[in-house]
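Scroll down for the structure; my scribbles are underneath it.
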């Protein structure tokens, strides 16, 4: 690592590189929030079929299943800042093209699904790269605080602001959320240019991309703690995907909650508000109860979010359950990201993160697909209650995570490889 950069990150305050990454994260997640808010509503206007509406959500998440592993290799091979700049520019073009499709009368549920797939592919690359970048711009003892700030701004912009703003823009014009999303992605690319230097990892490259992929998969799968966490989040992620792929049909009139579109956006802010509260509770909870409590909160919150709408069609109860789920989601992400960034060497971060996301987020399209089929055959509430029951079984692996995390922390002293940056 060059001396100038090392001097910047040893300062106890976050430096320019972290804040540039934070700003880019905020802007790109505003774009994500606007796009993801508009996506199911646009799909619902184009078709009345729950299966087709859910298939658009499936298209957005399918790239995690298809590309997570090779994307990890790319992140470990190339300059991580440049990767994020390029994918934000591609997202700008993809989301902006919705307006052209509408003007040319080409907009259909299939075109929407294709664009969702393209944006989802870019999100796969961007999220993997961002997760690998954080340890390169902060000290090891700042990881929890840095991850909390990154995740809280992701949630605030993605759901707390993106949802209501998307509802307001949609009330003015059908495609205005997509236009706002494109502008946000472009601004995120500009913000990343404020990061000084290059962010490539010094390492030997294998002749085979699949050999490099196998290194990341092997590291993840032979580490009991990371493997268990990946399997646990795979189950929870499929439940979350099932929930959100059909929530618009449950919440917006003529669904059971009977909300207007702008009210649906406000309902989504309850999840975001919970996430913000969770980011504020991360440090005191970890100090008092350890990382295990951060993980346990997510299981409780996810169960509540699924169980409540399966039993009561009450917007206040559903909103409260989503608030609790938002808190748990934040504490989980911060805890798991910090564990992974400590345990995994920097030169393997992209590949291990890709393998982790393949196992965990690769279930998102499965959850969306099954939700659409089950909702079509048995009703929306059956999907919610089935997910709640499935989520209860996660209590058992959580106990083993408590023990293994404590053992590995004591064994390694919480060490993590220093970032190797190429000037």
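Cβ atoms here come from the backbone N, Cα and C positions, even for glycine.
What TrEMBL says about this one:
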DOMAIN    17-406  domain 'Major facilitator superfamily (MFS) profile'
TRANSMEM  20-39  transmembrane segment
TRANSMEM  51-75  transmembrane segment
TRANSMEM  95-119  transmembrane segment
TRANSMEM  168-194  transmembrane segment
TRANSMEM  228-252  transmembrane segment
TRANSMEM  264-282  transmembrane segment
TRANSMEM  289-309  transmembrane segment
TRANSMEM  315-335  transmembrane segment
TRANSMEM  355-375  transmembrane segment
TRANSMEM  381-402  transmembrane segment
Per-region confidence, the domain 'Major facilitator superfamily (MFS) profile' (17-406) (mean pLDDT, whole number): 83
Contact set, same chain, for the transmembrane segment (289-309): CB under 8 Å, 6 or more residues outside the stretch: 229, 232, 236, 239-240, 243, 250, 256, 274, 278, 282, 317-318, 320-322, 324-329, 331-332, 334-336, 338-339, 380-381, 384-385, 387-388, 391-392, 394-395, 398, 401-402, 405-406
Any contact, the transmembrane segment (95-119) to the transmembrane segment (20-39), with at least 3 Cβ pairs under 8 A: yes
Best-contacting stretch, by C-beta pairs under 8 Å, relative to the transmembrane segment (315-335) and drawn from 51-75, 168-194, 228-252, 264-282, 355-375: 264-282
